[in-house]
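In what follows, a structure is listed as structure tokens, so that the remarks can point back to it.
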Amino acid sequence: MSTPRVMVGVSGGVDSSVAAWRLVQQGEAVAGLFMQNWADDGSGECRAEDDRRDAVAVCGLLGIPFHFRDFSNEYWQGVFEHFLAEYAAGRTPNPDVLCNREVKFKHFLDAARELGAERIATGHYARVAQRGHQWLLLRGADRSKDQSYFLHQLGQQQLAATLFPIGDLEKTDLRRIARDVSLPTHAKKDSTGICFIGERDFREFLGRYLPAKPGQILDPADGSVIAEHPGVFYFTLGQREGLNIGGVRGRPAAPWYVVGKDVASNVLYVDQDRDSTWMLSNRLRSETAHWIAGAPPARRFECTAQTRYRQPDEPCTVEVLDDGSVLVTFARPQRAVTPGQSLVLYDGDVCLGGAVIAATDAPLEQRLRTTPSPFEVIAA
């Protein structure tokens, strides 16, 4: 068996299957590696065994070696423990970003090199380009599927060793290729959500690790009690589904939206205005920012930002602070910018990097704050 030059992360899905097929067609010495990132908990909801069988079938059809690695311990320590800690603190984390940084482009890359591969490849909708001595992360050609948002924590060494073989494809073209070459995964549905939750009810799953208690749902304007919630951990800013608020005397028969939560007092705040001013922000401050180039383009610059996946680009001004965090000022007010989620910055199609959102200047968030406002500290 020849040593592979490229190790493809085969997930058992159609995207990684076509990625592997394209590399084989290009004459690369390819092998596939399936990562198990979540230990089977007996629920039958995380279909790792089905995915592994599909990955084996794809590698068999393509005539490439198949490898397996169990990264469930690494995932638990590097991703899941952080996921739980963030929810316990009342924030809304993004485990896919951490999974890419801590598992797929760290432990998978290490395993590939141990097996003799020079580079890795995945089925992400993104592109890599080289400009001089610098490696760039670019959005995928299919903007509706672009996954650069989840890859913004990658660095120069990782990008130099990474291929994204399907980054130039539209999803419809990828499906057609998979069907035309009879890949076993050509009709397989795209995976959605978080693997360790699968098809389970999110509240049921989270409740196994973070026991929650019921509390009051209040109107932030007058403090009146609207209803009762099953646990503040289960809700995020801007959320409408799952509140189960029936008719409220003296209130219109209209939907309610989460506009804030106070973990310390176990209170959820709601409003009937989808774009409630309680959760509109003009500025945010981040945790320490990561720059794909190794440094920011300037101490102060203009670019566009996304504060959630698939959000339209929003023009903003970025100021890099002395502690490595960034202060972002948006050109227009933003709805439901959520601490714990990822701020990702772009210059056109080039992903500059990003950071975890630490705080915003939304009125209700500022009112509930028990520590000095990070914006007042800057002003001082």
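Indices start at 1 and increase along the chain as displayed.
Glycine too: its Cβ is placed from the backbone N, Cα and C atoms.
Keep in mind it's a predicted model, so treat the numbers as computed, not measured.
Feature annotation from Swiss-Prot assigns active site, nucleophile to Cys99. As annotated by Swiss-Prot, active site, cysteine persulfide intermediate applies to Cys195, with the evidence given as sequence analysis. As annotated by Swiss-Prot, ATP binding site applies to Gly9, Val10, Ser11, Gly12, Gly13, Val14, Asp15, Ser16, Met35, Gly123, with the evidence given as sequence analysis. According to Swiss-Prot, the disulfide bond annotation covers Cys99-Cys195, on the basis of sequence analysis. Look at Swiss-Prot and you will find His124, Gln341 tagged as site 'Interaction with tRNA', backed by sequence analysis.
Annotation note: Gly9 (ATP binding site) sits in a strand segment as assigned by DSSP.
By neighbour count, meaning other C-beta atoms within 10 Å, the densest spot among the binding-site residues Gly9, Gly13 is Gly9.
Its Cβ placed at the centre, Asp15 (ATP binding site) has 25 other Cβ atoms within 10 Å.
The ATP site in the record is lined by Gly9, Val10, Ser11, Gly12, Gly13, Val14, Asp15, Ser16, Met35, Gly123, and its two most distant CA atoms lie 16 Å apart. Here the candidates are the recorded positions Cys99, His124, Gln341, and by Cα distance the one nearest Gly9 (ATP binding site) turns out to be His124.
Each residue contributes its Cα atom, and for Met35 (ATP binding site) and the residue listed as 'active site, nucleophile' those atoms are 12 Å apart. Spatially, by CA atoms, the recorded positions Cys99, His124, Gln341 include one closest to Gly13 (ATP binding site), and that is His124.
Distance between Cα atoms for Gln341 (site 'Interaction with tRNA') and Ser11 (ATP binding site): 25 Å, as a whole number. When the alpha carbons of His124 (site 'Interaction with tRNA') and Asp15 (ATP binding site) are compared, the span between them is 7 angstrom.
With respect to their backbone Cα atoms, Asp15 (ATP binding site) and Cys99 (active site, nucleophile) stand 18 Å from each other.
Counting in whole angstrom, Cys99 (active site, nucleophile) lies 14 from Ser11 (ATP binding site) by their C-alpha atoms. With the fewest other C-beta atoms within 10 Å around its C-beta, Gln341 stands out among the recorded positions Ser11, Gln341.
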